[in-house]
């Protein structure tokens, strides 16, 4: 079993300058082999300072830079949106970094879903606001009366609020958040004068309500238009390059299937031919049960020894929210890997290595002995620590150290870590759920649309692919492509008041 969680390994990992260049199997063995004076050259190593959780800045496009500048250099309230693959998540990470530099601890980073909150290093909107699924339905005077002291402090010192996946925020809650901000800032301006940054795509994730007929999106709230100074649509798609594919996805986004697109989908039933590089196709399903069964069976088929990584979890003794983090963290408590296991990277690292990049485990790197192993040795010394070596689909071979997922919240004027999970940032990915694929880019994907059930689910699944040549689709029918009419009308009415040309 791996002992990467031992404190000693971090001094070893941080001793070296992990850079972004790939390494061949030959040079990997050569440079990682034990010697009297262990040394790894700058030209031969992988993830720079990944064990510290650092992330290289990913270059922004022109339109992304304009939006970031508008938010960071002014106090304007902005909602930005765009189709899948337009770089909403990459831009948001950059915006959050800029806002924290500007406002220090007076920024709250939130998302409407736990998974999205973990991905941006924030907390759920409900947790920040001091609300529960029950209390959010109270009258505003009763919410204020029952609001926890910590939540009151967070509201009072707030200067900027970021909300990701805003499509899942309903109109009633948006109005109540506005009232809370006004009350605790003693200011009648929209949201009490704090800066509001909203991101998301209303075509992808709708608000969750018991009675779907009564769902009101937050853009239907009376305070929506009064609050936002700018609404901006990201136009440039970065994930796909083929105009035919982009046009088809845009049709599906609006719930429309043309005869041409229907014919394209029929042609996609046949599996593409891929290079024989050991990296297999990722299968997407609507149902988690299918996903778990496939990954378990595929791992069991591999004739190699298991390497088990037990996550190290931590929570603040008084303010711990470990269960909130764990419920939404894609990194498993127990990660079991083998040589030839199909894996997916769970974080953005460089322009070429992003959340969703797929690879295959080709061996193990010994931190203590500086050796590369094609497979796990029969006998490991007591202090042995082995890290997976992964060949990614872009041809780069990387050592993958552990990464810390953190849940942070603000108490009075201080941002504190309240829970964390330390784990290798990989997950098995012979198959994943459509829901968990949100935000990922998948270079080789097989989509099974059996039992899809939500608005935008088909669009989300298909838009994970980078090309028609790397996509297979099963159980497609035009009636599985649908979008909410209110959302269609909203997007048709959107005009950007910022010149991004």
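Heads up, the Cβ atoms here are built off N, Cα and C, so glycines get one too.
Any TrEMBL annotation is an automated prediction that lacks curation.
For reference, TrEMBL has these:
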type	residues	note
DOMAIN	60-261	domain 'DNA helicase Pif1-like DEAD-box helicase'
DOMAIN	323-363	domain 'DNA helicase Pif1-like 2B'
Lying 6 or more residues past either end of the domain 'DNA helicase Pif1-like 2B' (323-363) yet within Cβ distance under 8 Å of it, the residues of that chain are 20, 25, 47, 50, 55-56, 58-59, 89-90, 93, 113-115, 117-119, 123-124, 127, 277-280, 282, 298-299, 302, 304-311, 313, 372-376, 388-394, 396-398, 400, 403, 405-407, 419-421, 423-430, 432, 436-437, 439-444, 464
If you average per-residue pLDDT over the domain 'DNA helicase Pif1-like DEAD-box helicase' (60-261), what number do you get? 91
The domain 'DNA helicase Pif1-like 2B' (323-363) - residue tally per DSSP class, helix then strand then coil: 6 helix, 14 strand, 21 coil
